[in-house]
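For reference, Swiss-Prot has these:
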type     : residues : note
DOMAIN   : 1-176    : domain 'SPX'
DOMAIN   : 441-642  : domain 'EXS'
REGION   : 157-164  : region 'Important for inositol polyphosphate binding'
REGION   : 674-693  : region 'Disordered'
SITE     : TYR22    : site 'Important for inositol polyphosphate binding'
SITE     : LYS26    : site 'Important for inositol polyphosphate binding'
TOPO_DOM : 1-235    : topological domain 'Cytoplasmic'
TOPO_DOM : 257-267  : topological domain 'Extracellular'
TOPO_DOM : 289-318  : topological domain 'Cytoplasmic'
TOPO_DOM : 364-405  : topological domain 'Cytoplasmic'
TOPO_DOM : 427-477  : topological domain 'Extracellular'
TOPO_DOM : 499-506  : topological domain 'Cytoplasmic'
TOPO_DOM : 528-560  : topological domain 'Extracellular'
TOPO_DOM : 582-693  : topological domain 'Cytoplasmic'
TRANSMEM : 236-256  : transmembrane segment
TRANSMEM : 268-288  : transmembrane segment
TRANSMEM : 319-339  : transmembrane segment
TRANSMEM : 343-363  : transmembrane segment
TRANSMEM : 406-426  : transmembrane segment
TRANSMEM : 478-498  : transmembrane segment
TRANSMEM : 507-527  : transmembrane segment
TRANSMEM : 561-581  : transmembrane segment
Amino acid sequence: MKFTEHLSAHITPEWRKQYIQYEAFKEMLYSAQDQAPSIEVTDEDTVKRYYAKFEEKFFQTCEKELAKINTFYSEKLAEAQRRFATLQNELQSSLDAQRESSRAAGLRHRRTVFHLSQQERCKHRNIKDLQLAFSEFYLSLILLQNYQNLNFTGFRKILKKHDKIFETSRGADWRVAHVEVAPFYTCKKITQLISETETLVTTELEGGDRQKAMKRLRVPPLGAAQPAPAWTTFRVGLYCGVFVALTVTVIIAGVVKLVEHFGDNTDVWPLIRIYRGGFLLIEFLFLLGINTYGWRQAGVNHVLIFELNPRNNLSHQHLFEIAGFLGVLWCVSILSCLFAENTLIPIHMNPLALYGFFFLFLINPLKTCYYKSRFWLLKLLFRVVTAPFHRVGFADFWLADQLNSLVVVLMDLEYMICFYSLELNWTMSEGELWIKEGERICYSYSYGVRAVIKCLPAWFRFVQCLRRYRDTKRAFPHLVNAGKYSTTFFVVIFEALFKTHSGDERFVFLYIMIACRIVNSCYTLLWDLKMDWGLFDRNAGENTLLREEIVYPQKAYYYCAIVEDVILRFAWTIPLSLEVVYDRPVISNILGTVLPPLEVFRRFVWNFFRLENEHLNNCGEFRAVRDISVAPLNADDQTLLEQMMDQEDGVRNRLGKKNWKRSYSMSLRRPRLSSQSKVRDTKVLIEDTDDDT
C-alpha cells in the first residue's frame, strides 16, 4: 500500500487539517521536477539557482508544517494530562466513598441496591461510569499516539522522496536536524500516559485482572472498515437475492389477482395500506445501510456523531442483512394473502403474524440478533417520546426527524388496528381483506385519531426544540425551529377540516390548507438547505452556493440534492391538484402510495448532508472524542460548557465573531463514554510502506 493511501486510511477525520499535507508535498516535488530547466539548453548555474530557490521554499514549507504539528500535539497532550488528572481524582473520590459505604454497611443490616438512597446509588454507579470514562480516555490517547507516528513517518517519507528525486542528502540532514528533535516526536509522555492508564484500570477497576482490563480498553482497528465475516456477506447476498425474486413474484401475482377481480367492486386498498408501512420500514433500513457505507467511505464519523460504541455497532452489511431478511418475510406474507385459498392460514392472520414478528424481533430480551443495537434503538425511541423530560442529543432529534418522514408508517399502523377492530368480519372462517367497496370508517377523518397520529412526529420535534431552548436559553435556532414544526399542526388541522366538510366552506378550508402547506414547504426547504446542510455560505469561494469545505468528492451531488429536495418538498401539489380537479379517491390512493417511498428517499439524501455538516462542526473544534466528566455539573455550568462546545467555527476561528447556529447537547450526569469514541481509534505500528513508484 502506498503511504498516501495508508495515511488517508488511518488519520482521525476530525484532525485532518492538522496532519502533514503529504499529498501537497508530493505534488510540490513532482512539479519542481517537471518544471526544472534542462542542463542541455541552460547553463549549470541557472539550474543550480533553480534548485536552490526551490529547496529554500520547500524547507520553509516543511518548517511551517512542523510548527503546526508541534503546536497541535502539545495542545492535545496538555488536554490529555488534564483529563487524566481529573479522572484520577474522580476515581479516588469514588473509591473513598465506596470504602466508607462498606464500613458503614458493616454496622447495620445488609441492604439490597433497591433499598439504597439516591446518593448511595450514585456512588455505585460512578464505578461503572469511571470504567467507561477510562475506556474513552484510553481511546483518545491512542488517537494522539497515531497522530504522532503518522506525522513522523510522513516527514521521513517525503524527505526521502525529496532526496531520491534531486539526488541529494539534504532532506535526510533536515530530518535529523529538525524532525527527530521536534517535541511531537521526542516527547514520550503519551506512551507513559497509556501505560499508567492500563495499570490504573487493571489495579483499581478490574481487581488486578489485566486480561479483563485490556479487553475493556480494546480499540477497534483503525483505517478502512473491516470486512464483514464471510457468513454475514453470504446472508446479505442470500436475503437480498431472494427478496428481489419474491418482489417480482408479488408484483406479477398482484396484477393477476387484480385482473381476476376487475369489475366486481372489490376494494384492495385495505391490503395495500396494511402492507405499505412494512415496505417503508424495509426501504428505510436498506437506505440507512447505504448511508452508513457512504459515511464510512467519505470519512464522516457517524459513530462519534450518534455516540455509538466503536467496539460494537452495526455496519452497512448488518443493515442490509436485516432489511433483506425482513423483506423476505414481507413478501412471503403478501404471497400467503394472495393465495390464501391454497394455504391453511386464514388471510387476516398473515399481516398479524408478520408485524407480530417485527415487534418481537425489536423487543426480544435475549442477547442475540443485535441485542445491543436493538436496546439502543428502544432507548432512543423512549427518549423521543418523552422528549420534554430529557436533554436532547443529536441522535434524539435525528430519529425524530426520521419519524417525520415515516409518518405514513404510523398512520398505516393506526389504520391496521382500526381495520381489525371495526371493519374486518371476524365471523368469516377464512377472514377477508379483499373487501367490497362501501362505507369506510378507518380511512376517513371522521375517525379523529388519524389527525392526532399525523401530528405526532412533528410534535416530538416541536417539544425537543422547546426543551433545547429551555436548556440553552437561545431563541435562535431552537424557537425558530420549533416554529417550523408547528406549521405541520396547521396543515393537518385544515386538511382534516377540508376532508370532513362539504359545500362552500369546504373550499375555504382548502385554500387555508394550501396556504399552510406552502408556508410549511418553504420553511422546511430553507431550513434543510441553510441550517441542516449548511449550504449557501457567503464564504463558499469556488464551491458556489455550497459551503467553504465539502466532504463528498463531486459538487454535482450537492446541486442534485438541492433540486431533489425542492421537488419532493413540493410533491404534495400533485395529489392535491388531482384530488380537487377529478375528485377520484383512487387517484389519491395511488399517489398516496407512491409518494411515501419518495419521501423516505428524500430523507436518505438529507441524512448524507446533515451528518456531513455535523462532522464538519466536529472538525472545526477538533472534536474526535468527547471530554466528559463523571462528576455531575449543575445546570448553569453545564449550559455554559455546551455553549463553549457549540461554537460552530470551533478552534479554527477562535478570535473571530462567534456564530451560534445550533445546539449540541450532551449529558454529563450519566456519561456514556465508551460510546462516544471514534470508530477509527487504535494503536498501530506504522508500517514501512513504499510508494516510490
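Our numbering is plain: 1 for the first residue shown, then up by one each step along the chain.
From the backbone N, Cα and C atoms, a Cβ is placed for every residue, glycine too.
In the structure shown, the C-beta of TYR22 has more C-beta neighbours within 10 angstroms than that of any other entry among the recorded sites TYR22, LYS26. Here the transmembrane segment (406-426) sits apart from the transmembrane segment (236-256); fewer than 3 CB pairs are under 8 Å, leaving out pairs fewer than 6 apart in sequence. Assigned with DSSP, the residues of the topological domain 'Extracellular' (528-560) fall into helix, strand and coil as follows: 11 helix, 0 strand, 22 coil.
Nonlocal intrachain contacts for the transmembrane segment (236-256), taken as residues 6+ away from its ends with a CB within less than 8 angstroms of a stretch CB, comprise 228, 317, 320-321, 323-325, 327-328, 331-332, 334-335, 338-339. Residues 284, 305-309, 312-314, 318, 322, 456-458, 460-461, 463-464, 466-468, 471, 599-600, 602-603, 606, 610, 614, 664-667 of the same chain sit 6 or more residues outside the topological domain 'Cytoplasmic' (364-405) yet have a Cβ under 8 Å from a Cβ within it. Sorting each residue of the topological domain 'Cytoplasmic' (289-318) by its DSSP state yields 17 helix, 0 strand, 13 coil.
The DSSP breakdown of the topological domain 'Cytoplasmic' (364-405), given as helix, strand and coil counts, is 30 helix, 0 strand, 12 coil.
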